[in-house]
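Trainee: Following this message is one structure expressed as structure tokens.
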Amino acid sequence: MSPAFRTMDVEPRTKGILLEPFVHQVGGHSCVLRFNETTLCKPLVPREHQFYETLPAEMRRFTPQYKGVVSVRFEEDEDRNLCLIAYPLKGDHGPVDIVDNSDCEPKSKLLRWTNKKHHVLETEKSPKDWVRQHRKEEKMKSHKLEEEFEWLKKSEVLYYSVEKKGTVSSQLKHYNPWSMKCHQQQLQRMKENAKHRNQYKFILLENLTCRYEVPCVLDLKMGTRQHGDDASEEKAANQIRKCQQSTSAVIGVRVCGMQVYQAGTGQLMFMNKYHGRKLSVQGFKEALFQFFHNGRYLRRELLGPVLKKLTELKAVLERQESYRFYSSSLLVIYDGKEWPEVTLDSDAEDLEDLSEESADESAGAYAYKPLGASSVDVRMIDFAHTTCRLYGEDSVVHEGQDAGYIFGLQSLIDIVTEISEESGE
């Protein structure tokens, strides 16, 4: 048994949960996995974990709810396919009950990676032949993976026709190119470390898309600087170059990924970060317009709520002392499903505001409010390079507010305002 198993206590006699690719991931390089309908998980990065543990109360409504930590290892099923399986950590009794997540349990009996030798001896081939064949297969898989990633870089904008039967999530299960890329890369990394380690900590976070039938997701890389204080000279230079060659340097924000439903053609459009880096300021504005356009008309009813939330977030961040959200993203999410039009008069709008306040008071910052045509979510994600004076081990302590991030928010507010005014809103 490897040292990794001894150093991480896992609850005994607990069924593991099969982790699946999160099909609505449109950006980032960290693998995000589906734990259950309302919960996602991603590899634990100490700095990000510390951020969620010490999160200021007024920022909670602008971030996913943090739900705890699980242990993840990869195992083989009876067909020798590698799967990622989550187990509860000993003594961790967070808001997520693993035993009840039957919808995500493996459909086939799983063989533990540590029992692989026993599995090999049951085959007709000798161990040497099996190892030789296994290495050959792995080499071919690795080469195929590299080819697919190169194709993904070149195919910066993709379209996928959505069937009327079945949910969008089930249809995207084996399609979303960015989600599959991140999932395969995570498996590859864990396989390469198998001899030394097969147990990892992952954090559990709220699935922000679970309330939407056809989630439209915009991932924006925020700020004029992306590298953390601990980045190597090479990494810092690379991140500085990316900022200088994109809209990050000019307006403090760039497109990192997009998934939007176009009702006119019944297609989902995907845009990846490679395309986002190439956009000019005008191109960024056009991409934002495209995100709020369903192929038939501009979803003008979304613009007001988005502006309200962006303005509120900006005010919150202006009060945060010494925080720097380097390489953090901002998600904008709405439902691409067409709903019957509802015209709100001033009294109805006041009633809506009142219902939101009462929902917050009764159920806390993460209350799920009734959805409608204008329901839209704005959340900050990805805090692996965030720093603050609360993090005692940081060599650099910043003063004041994160001006680069706030500059990006103001640019976003200005551009959405322009789109709204030009469309006659």
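Here the Cβ of each residue, glycine as well, is placed from N, Cα and C on the backbone.
The structure displayed is predicted, hence computed values, not measured ones.
Relevant sequence annotations retrieved from Swiss-Prot are reproduced here:
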| type | residues | note |
| --- | --- | --- |
| BINDING | Glu206, Asn207, Leu208, Asp219, Asp382 | ATP binding site |
| BINDING | 215-223, 235-242, His385 | substrate binding site |
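Tell me about the surroundings of these features in the structure.
Mentor: Other C-beta atoms found within 10 angstroms of the C-beta of Asp382 (ATP binding site) number 26, with every protein chain shown included.
Secondary structure at Asn238 (substrate binding site), taken from DSSP and collapsed to helix, strand or coil, is helix. All protein chains included, Asn238 (substrate binding site) registers 14 other Cβ atoms within 10 Å of its own Cβ.
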Trainee: Would you work out the biggest C-alpha to C-alpha distance among Glu206, Asn207, Leu208, Asp219, Asp382, the residues that bind ATP according to the record, and give it in angstrom as a whole number?
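Mentor: Roughly 16 Å, rounded to the nearest whole number.
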Trainee: Which of the listed binding-site residues (Lys221, Lys235, Arg241) has the least company, meaning the fewest other Cβ atoms within 10 Å of its Cβ?
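Mentor: Result for the binding-site residues Lys221, Lys235, Arg241: minimum number of other Cβ atoms within 10 Å at Arg241.
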Trainee: For Asp382 (ATP binding site), what is the secondary structure state per DSSP, taken as helix, strand or coil?
Mentor: coil
Trainee: For the binding-site residues Glu206, Asp219, which one has the sparsest Cβ surroundings, going by other Cβ atoms within 10 Å?
Mentor: Glu206
